[in-house]
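Participant: First the structure, which I've put down as C-alpha cells, then a few questions once you've had a look.
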Ligand SMILES: NC(=O)C1=CN([C@@H]2O[C@H](COP(=O)(O)OP(=O)(O)OC[C@H]3O[C@@H](n4cnc5c(N)ncnc54)[C@H](O)[C@@H]3O)[C@@H](O)[C@H]2O)[C@H](O)CC1
Ligand SMILES: [K+]
C-alpha cells in the first residue's frame with residue numbers, strides 16, 4: 001500500500017457535519033459520558049461566553065434575548081456568567097420564567113440568583129447593550145418564525161449592534177441552511193457538540209457570520225479547543241496525495257487531463273479550465289476545442305496542447321490517451337457538444353461533467369449514472385437534472401445534493417453559497433468563497449482544478465472536497481489582495497497553485513477571522 005493510500009484522512013478533507021437529530025444523538029452519547037443536561041448547558045454557555053469575550057474584549061454591557069427552550073437556557077446561563085464577571089446585563093425574555101421547563105428553567109433561576117434582572121420583550125424595547133446575544137431559537141425551531149419572535153429578530157437585525165448567535169442564528173434551519181421566514185444576521189455564531197451542516201450552506205454565508213465550533217462532550221473533549229469553522233487545508237492530506245515532486249519527475253507521471261469544450265463562439269471557458277488544470281499540476285493538458293479558438297489558446301497558454309476539431313469524429317486517440325476527461329466548459333448543447341460528451345461517456349475513466357455537459361445529461365442522458373464521475377451543477381443545472389425548481393433546490397440544499405448523488409452516482413458538487421460535496425462517504429460543506437466569485441468562468445476554473453487532482457491520482461471524493469476548498473480559498477485570497485469587485489476567474493489559478501504546494505501557504509486559513517483563531521500549525 002503506497003503511503004498516500006494509507007493516509008488516515010485521505011478521504012476526509014473536512015470535519016464531519018451533522019444534522020440536528022444527529023447532534024442530539026451525539027449529545028446523548030456525551031451525556032452518557034458523564035456530562036448531564038444542565039452541565040452540558042453550562043459548558044455550551046461557557047463556550048459562547050468565552051468566544052464573546054475573545055471577539056469583543058472590552059465589552060461592558062450586554063443585551064441577551066432568551067427564547068422559551070434550551071437555546072434560551074444557554075442565554076440565561078451566559079447572562080449569569082457575564083454578570084458574575086462584572087458585565088452590565090440586560091436580560092430580555094420572550095417567555096416568562098414560569099413557562100420554562102427543565103434545564104431552561106434552572107438556567108433562568110441561576111441568572112436571577114446571580115442578580116441579573118429580567119424584562120419581558122415588548123415591541124420597541126431599546127437594547128442597552130453594546131453587543132446583542134441571540135438565544136431565541138436553536139435546533140428546536142419548527143416552521144416559520146412568527147409573532148413576538150419575528151418582531152424580536154427584526155429588532156435585532158435593525159439595531160446596528162454586533163450580534164453573537166448561540167448555536168444557530170435564530171430563524172436559520174440547522175439541517176438545511178434555509179431561512180424560516182426571518183433570521184438573525186449574526187456577527188459570530190458559536191455552535192456546539194456537532195457542527196451543523198445548515199451553518200455552512202444556503203443562507204448561512206449571509207447570516208451566520210464567523211462560525212466557531214466547540215465540541216463539549218467528554219468523548220470529544222480531546223479536540224475541544226475553540227476553533228473557527230474555517231476550513232482546514234489538510235496539509236498532510238495534500239502532501240499525501242500531491243507529494244513534493246521527485247527530482248527525476250517527468251510530465252508523464254503527473255497525469256494527462258483532456259478538456260472537451262469551447263464550441264464555436266465559446267472559447268474562453270475551456271481555456272480557463274485548461275489553465276487551471278495546468279496550474280494545479282496535471283503533467284499534460286490537452287484541449288479539444290473548435291478550430292477558431294486554437295491560435296488564441298496557443299497565445300494565452302502555450303503549455304496546453306490545443307486541438308482544433310470540427311467535431312468528435314476528429315478526436316482520434318485523444319480520449320484513450322487521457323487519464324481524466326473534463327467535459328462541459330463552453331461545450332454548448334449543439335451537435336459539436338453532444339458529440340464530445342458522447343465520446344467522453346464512452347471512456348471508462350474519471351470524468352468531470354460541468355455546465356452544458358450537465359444540461360445535456362439532463363436532456364439526453366436521463367437516468368445515466370456512473371461511479372467514476374464528479375458532477376458540478378449550480379442550482380439551475382441541478383434543478384434541470386432533478387426535474388424540479390431552483391427554489392426547491394435552495395430550500396433544502398443538502399437534500400438536493402444527496403438526491404442527485406443517489407440518482408446519478410459518483411460525487412456531486414452542488415455549487416452556490418456554501419458548496420456541498422455529496423459522495424458515497426457522506427456530505428461535506430466547503431467554504432463559501434465570496435461574492436466577488438459570482439462572475440463568469442469561476443465554474444470553468446473549478447472543473448479544471450478537479451481534472452488536475454484526478455489526473456494526479458486523487459480519489460474522486462477527496463479530489464472533489466479538496467478541489468472545492470482550494471477553489472473557494474483561492475477566491476478569498478484573490479479578493480484579499482485585490483478586492484471582490486473586479487475579481488476575475490483567471491485570477492484564481494495562481495492562488496490555487498500556492499494552496500496545493502505543501503509548505504508554501506499557511507497551514508490553516510482562518511478566513512473568517514476572529515481573535516481566538518487557532519495558531520497556524
Ligand atoms: N442537547 C443538545 O444538543 C444541547 C442543546 N443545547 C441548546 O438547546 C437548543 C435546543 O433546545 P430546544 O429546547 O430543543 O429548542 P430551542 O430552544 O431551539 O427552541 C424551542 C423553543 O422555541 C419555540 N419555537 C420553535 N419553533 C418556533 C418558531 N418557528 N417560532 C417561534 N417559537 C418557536 C418552541 O416552542 C420552544 O419553546 C440548542 O440549539 C442549544 O442551544 C444545550 O445548551 C446544550 C445541549
Ligand atoms: K440562537
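Including glycine, each Cβ sits where the backbone N, Cα and C put it.
Where the annotation comes from TrEMBL, it is an automatic prediction and has not been curated.
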Participant: Using only what TrEMBL says about K(+) binding by 71, 134, identify which of 112, 170, 274, 286 is listed for that site too.
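Facilitator: Between 112, 170, 274, 286, TrEMBL records just one in the K(+) site with 71, 134, namely 170.
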Participant: Say TrEMBL lists 415, 416, 417, 418, 419 as binding AMP: which of 440, 441, 443 is in the same site, per that record?
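Facilitator: Of the residues offered, the record points to 443.
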Participant: Among 70, 71, 139, 142, 378, 417, the binding-site residues in the record, which have a C-beta under 6 A from ligand 1?
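Facilitator: The binding-site residues passing the 6 Å Cβ test are 70, 71, 139, 142.
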Participant: Taking a cut-off of under 6 Å between Cβ and any atom of ligand 2, tell me which of the binding-site residues 70, 71, 415, 418 pass.
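Facilitator: Only 71 qualify.
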Participant: Taking the Cβ of residue 73 ((6S)-NADPHX binding site) as the centre, count every other Cβ atom within 10 Å, in any protein chain shown.
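Facilitator: Here the count is 32.
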Participant: Should any of the binding-site residues 71, 134, 416, 419, 443 have a Cα within 10 Å of the Cα of residue 167 ((6S)-NADPHX binding site), which are they?
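Facilitator: Cα filter at 10 Å returns 71, 134.
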Participant: Tell me the coarse DSSP state (helix, strand, coil) of residue 71 (K(+) binding site).
Facilitator: helix
